[in-house]
Every structure is written in structure tokens, then in C-alpha cells.
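> Residues or ranges marked as transmembrane segment by TrEMBL: A:12-37, A:58-79, A:99-122, A:129-150, A:191-212, A:224-246, A:328-352, A:364-386, A:414-437.
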Amino acid sequence: MVNDHELPLTIARIQFAFTVGVHIIFPAFSIGLSVFLTFLEGMWLKTNDNRYLNLFKYWLKIFSIVFGMGVVSGIVMAYEFGTNWAGFSAKAGPITGVLLSYEVMTAFFMEAGFLGVMLFGLNRVGRRMHFFATCAVTTGTLISMTWILASNSWMQTPQGYVIDQKTGHFLPHDWLAIIFNPSFPYRITHMGLAAMLSVAFTVAAAGAWHLLKAKKGGTQADSTIRLMFSLSLWMIVITAPLQIIAGDMHGLNTLKYQPAKIAAMEGDWTSETRAPELLFGIPNMKTERTDYAIGIPLLGSFILTHDINGKVPGLKDYPADQRAPAPIVFFSFRIMIALGGLMLLCGLWSLWLRRRQRLFDHPLFLRVILTMAPAGFLALLCGWVTTEVGRQPWTVYGLLRTKDSTSPLALSSLSFSMLFFVAVYLFVFGSGLLMLIRLLRATPEAADNTSDDIMILGSHHHTISQNKDAS
Amino acid sequence: MSGLAFYLPFIWAFIVILAISVYVILDGFDLGIGMLFAFEKKPEHRDIMINTIAPVWDGNETWMVLGGATLFGVFPGAYSTLLPAFYIPIIIMLGALIFRGVAFEFRIMAHSPNHRAFWNTGFMTGSTLAAFCQGCILGGYVQGVHTSHGAFAGGAMDWLTPFSVLCGLSVVTGYALLGTTWLVWRTSDELEARCRRWSKRLSILMILCIIAVSCWTPFLHAPYLHHWIAFPNILFGLPVPLLVALAGFLMWRTLDKEHAITPFLCAIGWFLLSLVGLAITIWPYAVPPTLTLWDVASPIPSQLFQLVGTVILLPIITGYSIYSYYLFRGKVTKADGYH
Ligand code: HDD
Ligand code: HEM
Ligand code: HEM
């Protein structure tokens, strides 16, 4: 399948996908969680209800670990463009490099500068200043998302540049057009919602675990846990349908600007009107057809164009060397959609249970929510695989091929770095995950409501040893 | 070359050197403290050492990201030749920084003494290895990179020479010194006293490193030597060794006295002087010995757009970074324990 001279390229691509795939989990977690933390602290300031403070401190510990892992895995990304994609950096650096620099200056420094205050400052600054720091960190994560998605979206739907005839470099000529490129608004909405949903499901699953545990012990979980569970389900009820609408609009936009990608996502080989929507099938790149296809008539045209007579593109419209690997895109897209559907159902179910006042003690529901813990992150990764693999064989869509984006590296160097990253990431981020799970098994402690002198991280040892005794 | 095309890369070279210097100093003492874990075994002392940097290390490391991103945007020709040239040490450095970075949280959250010991070792090894790799990259950079048609054309291990290893060891020494002098300033009692003793030994080593690297560098390439001895450059160059000696004298005097911050400032002085010395040597190459700043620079609109942002944002960043340092100022004792 892969011939020898393509092997370095293949390793470079797998390596990039692996490192960015691990990275994105943490930023998404940080974005969603910082929004949640801001809400919790805001509610605490407003209502003086200590349950909010307890929840804030509880999730702040998680945040500190997740954020740290986001930082270290992100630094790898900032250098990987140069190490693995020198061709891309040399040609597109004048555009994507500048956007990344703005991300550093407007977002990374702001997050880092106020993170210290947010984590360690509650006993040094007043409540208001502390809340300001929390807001600054949250704003930082959102700004960071904005720039990186502007950059990625520009690579998907480039505009506002001229190509230097001599060197083949991209010369920026309209920065607003570059930033506000056609896929940017859709991508940022979709990604922002994805971050919220991912965190909502994580928080809900933690709540479900404690509720189930209490139930097994024959007691009732305390009201802090119930508040947390209820809040996270409200978040799901609101964001899950919005995400589906945003995804649908995103798809319409992609059909307009990257029809070849849509053809791969749908497993359609010939362009047709009144196309079916395939539920299952195995696209075959050799025979140019989709085997074992099971579809619903007309639905494909309807979803993609909002008209049953709409015309959808087919892969055969494009030369064979401009087609994305359809099987990967086809399946990752379907997994994302299926998970999005399940999330919506969870939200609706919670509404129903709420009305019947059984939200906190319906065992099957609690177990389903518990298993949905990684669903958001899984959907998010599948979404990115769809986006990025679907863009192949281009790094800058229609202009710069992936095979012309590489660095002049020896196969041995690439193999070394690949093994090195896999080993380090599995070990370090695996340990991190175990720590997160251990932290989540502790319950939010009762806050000392007599003073403001809360040493937030001072309670770590305490929490964990308590937890060990309990389990 | 028209005005802007000539001056912009000049301004940007200055900003990049600034960002690298700030990084080297700020993360230098963070990494130095990591290395000191090899000598300081007392858990209370280790906690205090970490507490002096816990609220600020992330911001310090961000200067490295700024350096990388600026190269990417403004000198893409340098970014895309230097990073492949130093592929191996960069990858190892990134791995080392991962261990160092997560160790801050993981060592606190560890659930058994063994785990804690493991992450302490990770913190120490990660810091040392990252520093050593940074030194090797610097050395490899000064000794030059093989390019053809503006792309890297050398071998994977070209960077590894006796000179780059010397630079690696020098940076390790220098960061350790930044670490000990920082602790002289920010800690008290027994730990402070030990750091004063360590600082003395390390500053002797540091002086030896500076002398060795300075004597070796001019002979790497003919233009380097020329830079130093030609008139009028020698007028700019001459004060550098004198100032190095002055900083050494001050350091030695104040380490015995009550002075808290002076030794740290002297160590910073050494670093700045070394970097200035290097800049004078290499000027005007971005990728020595072939590509100049102007060969690797982005088109003017990229440089201009980014300059506007930088001029506005860097002062703001500096402002809140100073606020954060100010908030967590003063000697750190166990009782402070915000960790
Ligand atoms: C949707 C948002 C998003 C996406 C797609 C990416 N990142 Fe990211 N990144 C963040 C959102 C984010 C963040 C939430 O803002 C982080 C997490 C922790 C942090 O400091 O910022 C972050 C951290 C982070 C850092 C460390 C910043 C620091 O030192 O504080 C770097 C260098 C990068 N990222 C670079 C990248 C690159 C080169 C990406 C492209 C492949 C990328 N990120 C994808
Ligand atoms: C967030 C999660 C992301 C995931 C999971 C992801 C996934 C992937 C995958 C699977 C590939 C390989 C595609 C293939 O070779 O078939 C890839 C390539 C790439 N992506 Fe992403 N991506 C993400 C975000 C981004 C962002 C934000 C950017 C840019 C700002 C980006 C830029 C690139 C580049 C430069 C390549 C390499 C060239 C290429 O193979 O197209 N990616 N990514
Ligand atoms: C049924 C609901 C959903 C629909 C119709 C939908 C639609 C889409 C489409 C069409 C794309 C590809 C855009 C492109 O190729 O450029 C996409 C990408 C993506 N999806 Fe979804 N999606 C849904 C649910 C979800 C969910 C639940 C999540 C995560 C929680 C998610 C996260 C993502 C991400 C992160 C991307 C890649 C980033 C981007 O291009 O915006 N999606 N989605």
C-alpha cells in the first residue's frame, strides 16, 4: 500500500495526527472547563452558596492538571510545523506563522499570566480580583481557539493571499479576508460547542458515578453532587441541539467550498440528484464504488442541500490523485454523527426524568451517562479526522500538496521521533489520566466558610489521603 | 533593497533576540531549580524551591513559544531550515520539557512516596536534559548549518560536535547558577545558605565555560574572527569581556554578604553579555554561514502586520507578568505553602 519513498511522509503524517490528536483533548477540556469554572465562581459570588465554591475548588484541581498537559503537548505542536513540515512552513509561514504569533501574544501569555493567580491567589487577592483572573484565563482559552481555528480554516478555505511566482510562497494581502475565511465562523462555533459538550459529559459522568456509589451504599449523595449533576445536564440540554444545528450548517458550507470532501464523507462516487444517505457501506478506492451500502433514499440530498432534488457531488468528478481516502472519512464522520445523536437523546431523557423527579436515582440513566463520559472527546476527534483527512491530498486546500509540505528528514530520524513521542505520551498522559480519575473519585469537600483564606492547592494531600481511606 | 525591506528584518532580529534572552533568563532559573533537585534531597526544601516558581513557570515557558512562533511568522526561511537541522535535540528537548512541565502537578498529586520520588526524578532529569539540548542547539547553530537552495541539506547528527557539547554543558552550568542565585533571593535560612555556597562553585565553573566558548567561537568560521578584530567592531566588542569580569567581581563580593538579589542580577548579566557576544559574532546571518536575515524574512505585509501587534501587546504582557511576580513576591517559607 505504502511504497518506500512515501514512507517518511506517512510517518510524518501519523506523527502529526497522533500529537495533535492528543493535544486537542486538553485544550477542549480547558476551554469547556474554564467556562464552567467561571460560571461556578460567578454563582458563588452572586449567591454566596458554598456549594458553588466547593465545586469550583473541586474542578479547579482537575483544571490545573488538564491545563498543564495542554501546555506541554501544545509546545510540541508549535515546533512540529518546523520540524516535520518545513516545506509548508517556508511557503505558508508568512500567513499561519503570523496567526500563531498572535495566538501566543493575545492568548497564551494571558492564560499563563493569570493562571498563577487563579490557582494560588484566592488568599492573596480579593474575591473580585480572583474572579477577574478566572475570567481572564477563560477568555484566553477562547481567544486561543479563535486564532488556531482561523489558521486551520484558512488552510481549508484559503483566501486573501497571492502566490509569489518565483518562490511559490503565499504572500498575505488582505488580513481580514485571511482570518474571516469562509469556513472560519462555522468551525469556531462547532469547536466551541464541542468543547462545552465534552466537558458537560465528563462532569455529568463524575456526578453519575457518585450518585451510583451513594445509591449502592444505601445513602443519598449530598446536595453538592446533585447540583453538579443537574448543572451538567442543563448544559447538555442546551448545547447538544445547538451542536447539531451548527454541524449541519458547517456541512452546507463544506459542500460549497470543498465538495470533494463531502463526496468522501458520504461515500458517493457519482454526482447525482435525489441521492440516498448511506447508513453503512465500505468505500472501495480501487473499484470506485461503495460496497455493502445500506441507505435511506432521498435523505442524502435532503441533508446536504435541504432539498430532495438537490445535487450532491461524487468522487469520480475528481481525478484519482485528488481524492481523500474515503473509508477513513466515511466512518469517522458517521461515528461523530452517531455520538451527536446519542448526546441529544441523553439531553431529552434528562428532561423527561426531571419532570418525573427521577433525575438523581434512575439507575439505567445514571449508568448510560457514566458510559458516555468520553463521548464528547471521541466525537471531537472523529470530527477532526473527518476535517483533516477529508482535506487530503492538500495541506493548503487546492494549492499546496501534503507531499510538498514535508521536511528533508531521514527515515531514521522520523522513526526515532515517532517511537519517542508514542512512548512519552502514553506514559505521561496515561499517568495524568489515572490521576484525574483518582481525583474525581474524591467528593467535593465542605469549604471552610468562615474565612476567605482558602489554600486551594494546599488541600491536595488531604483530599487524596481521605479518598484512599474511603475506598 | 528598499527602506522597509531593509529595516524590518533588522527590527525583528532585535525582537527575536529579546524574546530568546527573556526566555533563557526566566525559564533558565526554573530549569536550574529542577537540576538542583539532584543535590537538595530534603522534601521541605524541595517544596519551597518549587513554590518559588509554581505560579510563574508557565508564563516563563511561553517566551519560548513566542520565539518559535515569531521565527515561523517573520523568518520562515530560518524556521524551516533550523528546525529540521536540530531535529533530534529538539525532539528530545520537547520530551524533556513534557516531563518537567507535568512534574509540577504530578509530584503533588502522587498518591505514594514512590510515585512522588519518580516525578521528582522526572523533574530533575527533564530540566537537565532540556537545558543540555538547548545548549547543544545553540552550539550547533553557532557552528553553522549546511543548506542548499534555502533548505536544510545536512545530516541528522551534524549538530553533535565537541563544541556543541561544550555549549550544552555551559548552558547547564549557567541555568544551575541562575537557579541557585534566584533561591538566594527568594528563600531563607539553611536553604539560602546552601545556595550561596553552591552559587560560588557554579560561578567559577561558569566563568571557565564563558572563557572556553569565547576562545573557541572565533575560530569556527573566518568571518567570526573578522567580526571581533576588525575596526570599529572591536570598540563594541571590547566592553563585553570587561563587563563579564565586573559582574564576576560583584557576584563574588555579594555572595558573602546579606545582599539578596545582586547575585541573581549578576548571573543575568552574564547571560545577557554572552548572548550579545554571540549576536555580534553571527551578525548578519540568520542561518550561519549562508543565509542572512534578509534571505529568510517573510514578505513585508507579514512583518508589518505582526509588528503592529507586537508593539502594542508586548508592553501589556510585560505589565501583567510583572504584576504576577509582584503578587507572589518575598521570601518563600514553608508556611506560605500555596502548594
Ligand atoms: C480549539 C482550540 C485549540 C486547537 C485546535 C489547538 N490549540 Fe493549542 N492550545 C489551546 C487551544 C487549541 C488552549 C486551550 O488555548 C491551550 C491549552 C493550554 C494552554 O495554555 O492553551 C493550548 C496550548 C497550546 C500551546 C501552549 C501554550 C502555553 O505555553 O501556554 C501551544 C504552543 C499550542 N497550543 C499550539 C497549538 C498548535 C500549533 C495547534 C495546531 C495544531 C494547536 N495548538 C491546536
Ligand atoms: C484538533 C485536532 C486535530 C486533529 C485530531 C487533526 C488531525 C489530523 C490528521 C488525522 C491529519 C493527517 C491527515 C492525513 O494525513 O490524512 C492532520 C494533518 C494536518 N493537520 Fe490536523 N488535526 C487537528 C487540528 C489541526 C489544526 C488546528 C491545524 C492547524 C492550525 C492542523 C494542521 C494540520 C497540518 C499542517 C497537517 C499536516 C499535513 C496534512 O497531513 O494535511 N490540524 N491533522
Ligand atoms: C449530529 C451532529 C453533528 C453534525 C451534523 C456534525 C457535522 C460536522 C461536519 C459536517 C464536519 C466537517 C466539516 C468539514 O469537513 O470541514 C464536522 C467537524 C467536526 N465536528 Fe461535528 N457534527 C456533529 C456533531 C459533533 C459533536 C457532538 C462533536 C463534539 C462534541 C463534534 C465535533 C466536531 C469537530 C471538533 C469537528 C472538526 C472541527 C471543525 O471542522 O469544526 N461534532 N462536524
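The backbone N, Cα and C atoms fix where each Cβ goes, and this holds for glycine too.
Whatever TrEMBL says is automated annotation, not expert-curated.
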> Tell me whether the transmembrane segment (A:414-437) sits in contact with the transmembrane segment (A:99-122), defined here as at least 3 Cβ pairs under 8 Å among residues 6 or more apart in sequence.
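Contact between the transmembrane segment (A:414-437) and the transmembrane segment (A:99-122): absent.
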> Are there 3 or more C-beta pairs under 8 Å linking the transmembrane segment (A:364-386) with the transmembrane segment (A:129-150), counting only pairs at least 6 apart in sequence?
no
> In the same chain, who gets a Cβ under 8 Å from the transmembrane segment (A:191-212) while lying at least 6 residues past its ends?
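For the transmembrane segment (A:191-212), the nonlocal Cβ contacts are 27-29, 31-33, 35-36, 59, 142, 145, 149, 221, 225-226, 228-229, 231-233, 235-236, 239-240, 242-243, 246, 343, 360-361, 363, 366-367, 369-377, 379-380, 383, 440-441, 443.
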> With a Cβ cut-off under 8 Å, give me the same-chain residues at least six positions beyond the ends of the transmembrane segment (A:328-352) that come close to it.
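Same-chain residues near the transmembrane segment (A:328-352) but 6 or more away: 197, 201, 233, 236-237, 240-241, 243-244, 247, 261, 264-267, 278-281, 283, 290, 359, 365, 368-369, 372, 375-376, 378-379, 382-383, 385-386, 389-390.
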> Can the transmembrane segment (A:364-386) be said to touch the transmembrane segment (A:99-122) if we require at least 3 CB pairs below 8 Å and skip pairs under 6 apart in sequence?
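No, the stretches stay apart by this measure.
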> Six or more residues beyond either end and a Cβ under 8 Å away: which residues meet both conditions relative to the transmembrane segment (A:224-246)?
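For the transmembrane segment (A:224-246), the list is 36, 39, 51-52, 54-55, 186, 189-190, 193-194, 196-197, 199-201, 203-204, 206-208, 210-211, 214, 340-341, 343-344, 346-348, 350-351, 354, 359-360, 443-444.
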